[in-house]
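So the structure is just underneath, and the comments pick up after that.
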Amino acid sequence: MVGVTASTSSASTTTTHAPARVRLLLAVGMLAVSFAAVLIRTASAPALALAFWRSFGGAVALVPFAARDTVRPDAREIRAMLLSGTFLAVHFALFIGAFAYTSVASAVVFAATAPVFVGLGSWLFLGQPPTRRTWFGIAVAMAGAAVVAIADGGEGATGSNPLLGDLMSLGGSIAVSGYLVIGQRTRRRLTVATYGAWVYGTSAAVLLVVSLATGSALVGFDGTTWLAILGLLLGPQLLGHTIFNQVLNQVPATTVAVVVLSEPIGAGLLAFLLLGEVPPPLLALGGPLMLIGVFLAATGERRPAESVAPTG
């Protein structure tokens with residue numbers, strides 16, 4: 001596991017230009033998360049169950065590495081990781097749940113809007129106003145989202161309730177933005193193993209409580225579903241999210257989010273090849289428009305590359 005192996009080193013100062021090793025890690029992470037949508041579609045289990053086992057397995061895998069770390073989190077860092085883990089739980093529950101209502105293409109496109117919310121969050125909570133380029137990118141992304149919404153509200157849309165699925169995926173994107181911003185600030189001093197164990201463990205605990213409270217099944221699935229859960233753990237979770245956590249101390253959170261913009265392309269292609277999902281024409285227009293807007297918004301930020309400002 002690339003992310004776990006690299007986790008034994010302490011956080012270092014970020015750089016404006018990512019070295020080759022970081023670019024390779026980001027590419028591997030992007031490839032890993034692209035398989036999430038197809039694996040979720042393959043599994044016959046509630047969204048909360050998939051989210052719980054993905055988080056729980058990630059925490060269990062990282063605890064042995066975290067136990068060997070010499071740097072321990074202080075009270076402030078623990079509070080931040082608990083909040084970050086809660087954001088991650090909300091993201092998983094909404095994002096995975098969206099696939100029950102909308103197409104793979106729509107779900108991953110709306111989930112890719114995270115950089116927009118990272119930028120807006122930096123403005124609202126950190127006092128870092130967006131540039132004109134960022135505002136223009138947000139406007140383009142919103143126009144693209146409107147086109148996708150029209151596509152999902154018309155004939156030929158995939159899913160039982162596409163608009164609901166789109167909103168769930170969008171909510172998951174907002175949640176993962178909080179996870180990314182908090183993560184970069186907290187990962188300055190801690191290793192990825194310690195940070196990941198705390199965050200994944202918190203996510204699993206939150207999802208367990210919600211599952212028990214709602215009566216959502218966590219066991220009793222068929223073999224194909226358990227294989228899909230294992231795939232989610234090994235690929236998107238341990239390779240994908242853990243790699244992104246590893247590089248958060250070397251590149252801005254927005255850079256990581258921009259790399260994830262490649263996920264809709266990979267996920268959409270895999271859904272077409274493996275699931276036979278063909279997006280309607282308007283989605284094929286609105287999706288790329290959204291991604292262009294998100295890219296403009298993310299790359300237009302004026303905040304320094306070395307860190308995300310303290311959240312207080």
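Using N, Cα and C of the backbone, Cβ positions are placed for all residues, glycine too.
Same-chain residues lying 6+ beyond the ends of the transmembrane segment (24-44) with a Cβ under 8 Å from its Cβ atoms: 2-3, 6, 18, 50, 96, 99, 104, 107-108, 221-222, 224-225, 228-229, 231-232, 235-236, 239-241, 243-244, 246-247, 251, 256, 259-260, 262-263, 265-267, 270-271, 274-275. Feature annotation from TrEMBL assigns transmembrane segment to 24-44 (among others).
The domain 'EamA' annotation in TrEMBL covers 24-148 (among others). Averaged across the domain 'EamA' (24-148), pLDDT in this predicted model comes to 89.
If you look up TrEMBL, you'll see 50-68 (among others) marked as transmembrane segment. If one looks beyond the transmembrane segment (50-68) by at least 6 residues along the same chain, the residues whose Cβ comes under 8 Å of a Cβ in the stretch are 1, 4, 7-8, 40, 43, 88-89, 92-93, 96, 191, 193-194, 196-198, 200-201, 203-204, 207-208, 211, 218, 228-229, 232-233, 236-238, 241-242.
The transmembrane segment annotation in TrEMBL covers 80-101 (among others).
For 107-126 (among others), the entry in TrEMBL reads transmembrane segment.
Per TrEMBL, the feature transmembrane segment maps to 133-151 (among others).
Under the heading transmembrane segment, TrEMBL lists 163-183 (among others).
Marked as domain 'EamA' by TrEMBL: 164-297 (among others).
Under the heading transmembrane segment, TrEMBL lists 195-219 (among others).
Among the features that TrEMBL reports, transmembrane segment is placed at 225-244 (among others).
The transmembrane segment annotation in TrEMBL covers 256-275 (among others).
Feature annotation from TrEMBL assigns transmembrane segment to 281-298 (among others). Below 8 angstroms of C-beta separation, residues 103, 105-106, 109-110, 112-116, 118-119, 130, 133-152, 154, 254-255, 257-258, 261, 264, 268 of the same chain, each at least six residues beyond the ends of the transmembrane segment (281-298), sit close to that stretch.
For the transmembrane segment (133-151), same-chain residues at least 6 beyond its ends with a Cβ under 8 Å from one of its own Cβ atoms are 106, 109-110, 113, 116, 119-120, 157, 163, 166, 170, 279-283, 285-301. Within its own chain, the transmembrane segment (163-183) has Cβ neighbours under 8 Å at 80-81, 83-84, 87-88, 90-95, 97-103, 106-115, 117-118, 121-122, 145, 148-149, 152-153, 195, 199, 244-245, 248, 253, 256-257, 308, 311, counting only residues six or more beyond its boundaries.
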